[in-house]
Amino acid sequence: MLKPVLWIHGEALGPANPALVAHPGAPALFVFDRELIETQRLSLKRLGFLYECLLELPVTLRHGDVVEEVLSFARRHGADGVVTSAAVDPRFGLLREQIAAQLPLQVLEPEPFVALPEPLDLRRFSRYWRRAEPVLWGRGSAAAPPAPAQRWDR
Amino acid sequence: MRSGDSLPPGDLPRQFASRDGMEATLRQLFPQAPGGLSPIQGGRRAAEAALAAIDPAAYGRSRNHLDGAVTRLSPHIRHGVLSLVEVREAVFAWLARSGQPPVAAQKLINELGWRDYWQRLWRQLGDGIWRDQEPLKTGHPPERYAAALPDDLLEARTGLACMDGFASELIHTGWLHNHARMWLAAYVVHWRLIQWQAGARWFLQHLLDGDPASNNLSWQWVASSFSSKPYMFNRENLERFSSGRYCSACAAASEGTCPFEASYEQLQAHLFPGASPC
């Protein structure tokens, strides 16, 4: 891909975004996903927070149908493809497939928090943590016992 | 609404005279989005300031308390403004700088592990995070739970100072302490008998760090469809970790009608009378 545009999504709004790192200066786009915002009735707080994050990134901002907007942005810049970063939300996977049906699309992986061989037993956090904690701390043997399972995202 | 920038048709503005100006523009762009801006600001500068302020040792000691030294990094991590790798490295740098032993940062690294764990599970489960991972252990059949949140909860007027305080904070700031999330979720699911999915959708509407995997699987942890028993609490627990700030001003507490005023054994019998002993 010689002249790509970058599709920036809501899981990677920082300078570590691998698409921004790999293609500094390339035209970049973020689309406020109209369907998602309306069906989930996202509050203005959430949209405002995203907007403030985006104002500190070199991206064009649009609101509408994500696939249509990305393809239209690529045409506007005479791009020969789209580069984006990997995402966990399955919705991004569906959007990626639709874009890739029209234009070459490259997905770049961010650096993992901890590199672990697959498959991994994820039935409980304790099973994951028994594998992850020693790697994180750079030790080869068993780690300290995990904390009690009383969690929420924070 | 725009201050001087000339944009191609349909491009959204990037320059505003003030935060109020941005809010007014966003109201026009997203007329269906309820509420106003959060006092919590987004962006890399705000994220870096929050990261520079972390104290992993204090976090480990006090994180369960509403006044504890929590990092408030979650909205920035959720949207990749900070990567988990950056935060991990900042914690290790703090250890090197402070000369503290690794155990001082163990809790915070563990919490970052939770974030990674939820994301890995999301990759594995996809939209399955919206379905019960296991049967509930509450003794109630699934149809016993209501599908929607009642207005008194949505409008923060249950009459319980704690729950109304949490609901109000959620709606107005988009952030809640972890313990408050657990208490509110347990109240919704176990005291009000509402499906966890209704609560999860409510949180995702408002939380700046609203991540479907972390959020839904944590609701399932409270509900007991992703844990071996339902999570519950009593007044003593809530009062202790909130320094009594809610109970001291709560009519239910002073009138003796607080639904959380009981021992865990009493609550277990009251809330889950048909549950099998664990």
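Heads up, the Cβ atoms here are built off N, Cα and C, so glycines get one too.
Nobody curates TrEMBL annotations by hand; they come from automatic prediction.
Lifted from TrEMBL, the feature list:
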type	residues	note
BINDING	B:TYR59, B:ASP209, B:GLY210, B:ASP211	FAD binding site
DOMAIN	B:109-231	domain 'Cryptochrome/DNA photolyase FAD-binding'
Helix, strand and coil totals (DSSP H, G, I; E, B; other) for the domain 'Cryptochrome/DNA photolyase FAD-binding' (B:109-231): 79 helix, 2 strand, 42 coil
Surrounding CB atoms that lie within 10 Å of the CB of B:TYR59 (FAD binding site), all protein chains: 19
B:GLY210 (FAD binding site), number of other Cβ atoms within 10 Å: 25
Segment-level pLDDT (mean, integer) for the domain 'Cryptochrome/DNA photolyase FAD-binding' (B:109-231): 98
For FAD: widest Cα to Cα gap among B:TYR59, B:ASP209, B:GLY210, B:ASP211 in Å: 22
Under 8 Å by Cβ from B:ASP209 (FAD binding site), same chain, sequence gap 6 or more: B:SER74, B:PRO75, B:ILE77, B:ARG78, B:TRP175
